[in-house]
Amino acid sequence: MKVGIIGAMKEEVTLLCQKIQSCQTLTRAGCSIYSGFLGETNVVLLQSGIGKTSAALGTTLLLEYFQPDILINTGSAAGLWPDLKIGDIVISTEVRYHDVNVTAFGYEWGQMALCPPAFFADKKLIEIVLECVKNLNLNAVQGLICSGDAFINGDQALDRIRTFFPKAVAVEMEAAAIAQVCHQFETPFVVIRAISDVADQASHLSFEQFLCIAAQRSSTVIENMLPILAETYCSIN
């Protein structure tokens, strides 16, 4: 099997990139792509850049040219769930846009035209991530992750997310675009993010301070889940 992994920022992919064996590197449309093996698993790791457009472009490149069997989105996120702390893991059950508004045409807030309201992560992948997180003794929450082209640091933007998506556990800037592309390619996906801040007025300071911690945590989860993923995938195919 082949696993696709996508992260927005250099800090979010560096730890995994450093461990790829027989690594081949190329650049396409501003995306850095690294292919090789993590342990015995064939992987393609892509750094897309920040935001929904960059994420959608990178995901399309990854799925079209490398054709991974599944896709994992890694990186950092801002926590919305009250019990989440820096370094805790959030796992997507579903992903939605928080900044899309075509409600004038009868769609839900956050629903892109001609798309479902939410994009649902693969249940088997969620189970594998939960097993891995438990083995690593990390605190994790699974639930709705919201995405939009804004860094959330309190005020009206945060209030709007809490109003329309009261069950959201985290917010970030790429996952929904990645999920939409996976939906259109019919590729199973899961989002694994570690908390770097809590979306308040000081979130930009927290993000800068704790980004590397969040990146390390999410990368560790992915690295440890790959053997379980390979074994499980082989057993069901």
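The backbone N, Cα and C atoms fix where each Cβ goes, glycine too.
On a predicted model such as this, the values are computed, not experimentally measured, just so you know.
Together with Ile152, Met173, Glu174, the substrate site in Swiss-Prot holds one more listed residue from Ala77, Ala78, Ala230, which is Ala78. Counting every protein chain shown, the number of other Cβ atoms lying within 10 Å of the Cβ of Asp197 (active site, proton donor) is 25.
Put simply, Ala78 is the one of the binding-site residues Ala78, Ile152, Met173 whose Cα lies nearest to the Cα of Asp197 (active site, proton donor). The Cβ neighbour count for Glu174 (substrate binding site), using a 10 Å radius and every protein chain shown, is 32. Comparing the binding-site residues Ala78, Ile152 by how many other C-beta atoms lie within 10 angstroms of each C-beta, the top residue is Ala78.
If you count neighbouring Cβ atoms within 10 Å for each of the recorded positions Glu12, Met173, the highest count belongs to Glu12. Cα separation, Met173 (substrate binding site) to Glu12 (active site, proton acceptor), rounded: 13 Å.
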